[in-house]
Amino acid sequence: MELRGLHQSSIVVLAASLAISPLEVRAETVPLIVRAIGEIPSAELVRQVATAHPLSVTQTQFPGLSGKTPEAIAAQLCGTVQPGYVEAVIEANRAKAAIAAGQVLGPEAYDLTWPACLNLRGPISYKIASGDNFTSLRLRFTGEHANGPGLLAYFAQSGAPYADRMRLQVGTVVTLPYQTLPTVLRVDKSLAQSFTDKLLSIGKREVSVTQAPKSVGSIVIPFRGEYSAGAIQVTEGDCVSDPPQPADGSPPRPYPYSPEAVAKAWEWASKISLPNDVNILVVDNGFFGVPCTADRCPERDGEDYVYTARFPKRMFAKDDFYLDAPHLIGPALSGVPLGPLTYENVPDLQIDEISGHGTHVAGLVLGGPLFFDFRNRYSDAISSRLRIAIASVAPGTEALDPAVGTIFPGYLGEVADPTVVNMSLVIDGSDPAAPRVALNDAITHHASTLFVVAAGNKGDDLNLNGKRWLPAVNGANNFANVLTVASVDADGQLSKFSNRGDAAVDIAAPGCRIASWLDADSEEVPLSGTSQAAPIVSFAAALLKSVSGQRRPRWLKSRIDYSGDLLATAQARKGVASMSQLNIQKALLWPKDYVRFVRNGAEQVVLGVADEFTGMSCVGVKDESSYRLLRALKKDGDRFVMFTSPSANEALSLCPAQLKATIGDGAINQIHVRAEFQLVGDDILPLKGADQNIVVNAAELVEFIRGN
């Protein structure tokens with residue numbers, strides 16, 4: 001369908017094909033995405049918007065409406081009480097209920113018809129970030145590319161008036177008078193053109209209409225058997241989940257990880273750095289993680305849900321995570337028929353590896369079944385340091401909602417900045433209709449959030465498809481707050497199905513036959529894919545953030561990268577910027593220098609403070625590297641891999657390196673460590689007295705990871 005009269009100003013309307021109830025006929029409706037610019041839309045404009053299909057208002061999406069007035073509910077659904085909207089509510093319900101302005105409503109609030117509305121917010125505070133200017137801020141917060149007079153008016157009372165441009169400094173907090181957000185309207189297909197024409201006629205220069213594309217994205221579906229991956233035929237048999245026995249007879253490396261080692265490392269770090277709460281937003285295709293019975297699906301306890309031990313209430317984000325109104329499982333957007341619970345989005349949908357994808361991922365974000373018995377390290381019967389919120393961008397399907405470019409930023413606008421966002425999904429950025437700008441802008445504007453994304457399961461080299469798979473291609477040194485994850489098998493090789501490429505992929509993590517849950521009470525199910533690898537890294541990042549204070553996403557990303565274990569072969573390392581696979585335990589040992597060395601044939605690991613040492617340089621480079629830049633040294637045959645960066649908050653550089661065994665006039669090159677702890681198995685034991693003074697010869701060193 002082609003919409004006539006397209007303009008570029010204050011209301012953006014994008015035709016999309018959103019998921020609707022199975023009881024409705026898809027062909028008869030056209031979803032539209034609408035954005036207003038002005039602070040107070042006209043009553044005529046509000047009435048026209050209200051002629052679209054009414055909002056989907058359920059207890060799942062909008063709990064707590066009982067006990068509120070129509071005005072208060074309007075403010076929750078629409079951001080503000082817009083001229084004529086309450087009157088439209090009264091008129092829409094005249095045949096079913098007599099309600100009045102100011103009337104306190106009870107449970108019947110959920111039975112009323114709530115007309116469609118624009119989404120506008122009152123004054124908001126914003127901290128100026130690098131790259132911001134008056135024009136970009138006005139465009140971001142209102143959708144309008146304003147000129148001088150428009151900028152003067154918008155910033156007049158902001159604390160950084162347009163006339164005083166020098167006051168728009170990074171870190172300055174400004175107060176913006178209002179914000180408009182896209183919202184989704186659904187209209188009858190036969191009326192879509194006339195609805196749009198009237199909207200344009202009423203809005204005049206305050207209206208713009210553009211048409212949204214078909215879906216260009218999907219969740220990263222689990223790897224399910226043979227398919228073509230470039231020139232490689234991949235089968236399930238090529239996915240290695242059993243760790244090989246090391247040649248030296250030592251125990252095999254735990255796969256996917258050792259829960260005991262992770263639990264003890266977190267507990268140790270939490271005694272050094274006071275723990276803090278972490279919120280993880282799981283952007284996926286929904287959630288089956290609350291009970292469902294034949295009598296009631298989902299089960300409820302009053303206005304709340306019934307929860308299970310797998311996903312207890314304490315492990316969901318608290319009310320203060322949501323900016324405007326509390327939610328139970330995850331954020332909701334008015335006009336978008338995608339609540340966090342798949343049961344309510346698509347009743348009677350069969351649970352399988354596709355529809356249960358979001359639940360499987362959410363379980364792994366909390367550590368998965370493997371960590372279930374160790375959750376008491378970061379949670380108790382009342383509260384949890386790690387909390388999740390579910391943000392649905394698909395109704396239990398493989399295909400993402402076509403409006404994901406609006407819905408995803410909309411969710412981020414509904415919540416306080418999450419610490420971590422897990423995105424086990426891909427968008428085909430080569431499609432001209434892909435929401436590349438919207439996606440990248442959302443990530444850029446949430447600079448205090450780490451976005452952990454799946455590399456994808458096509459076996460592609462992302463270096464050769466540098467703009468195709470979003471958001472995976474944003475990893476490595478492209479975005480400071482995007483961490484792209486490949487899948488590694490138990491033998492230290494990249495999984496053959498995994499996308500790779502050191503220009504985009506940061507690290508590898510276990511992704512072969514990883515067990516998690518598809519719902520609230522069925523048996524755990526193993527699935528393979530980068531969709532499983534990414535949430536394990538999100539789990540690691542959340543644990544790390546919970547015991548590292550106010551560290552920035554770049555620090556979290558770098559720490560995870562340089563604390564990993566080198567992949568098994570040079571070929572595997574070429575596919576990952578860090579050349580490494582995740583080691584959660586070592587990442588959590590961040591407060592101290594980590595020194596691993598071999599003496600008398602036995603390997604030892606101590607934690608403490610190493611004195612500055614010298615003698616290291618990149619192979620082929622004459623000048624030695626500065627200790628100030630050093631982040632890690634990892635033994636690789638007769639050489640090392642050296643990780644450096646100007647600071648812990650800047651991008652990493654890697655090179656093959658050498659560490660001189662002797663320096664000066666033949667003196668032995670030594671590393672002096674004031675050791676405070678020793679690793680014995682998974683235990684972290686304190687050292688005292690003479691045992692604390694350890695001298696490691698350069699020739700004995702296996703691995704050095706600098707503490708922060």
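Using N, Cα and C of the backbone, Cβ positions are placed for all residues, glycine too.
Marked as active site, charge relay system by TrEMBL: Asp284 (among others). Classification of Asp284 (active site, charge relay system) by DSSP places it within a strand.
In the three-state DSSP assignment, the secondary structure recorded for His357 (active site, charge relay system) is helix. Residues annotated as active site, charge relay system in TrEMBL: His357 (among others).
According to TrEMBL, the active site, charge relay system annotation covers Ser531 (among others). On its own chain, Ser531 (active site, charge relay system) has Ile219, Val220, Ile221, Pro222, His357, His360, Val361, Ser424, Ala454, Asn457, Gly511 as residues at least 6 apart in sequence with a Cβ closer than 8 Å to its own Cβ. The DSSP secondary structure for Ser531 (active site, charge relay system) is helix.
Across all of the domain 'Peptidase S8/S53' (348-556), the predicted model scores a mean pLDDT of 94. Here TrEMBL flags 348-556 as domain 'Peptidase S8/S53'.
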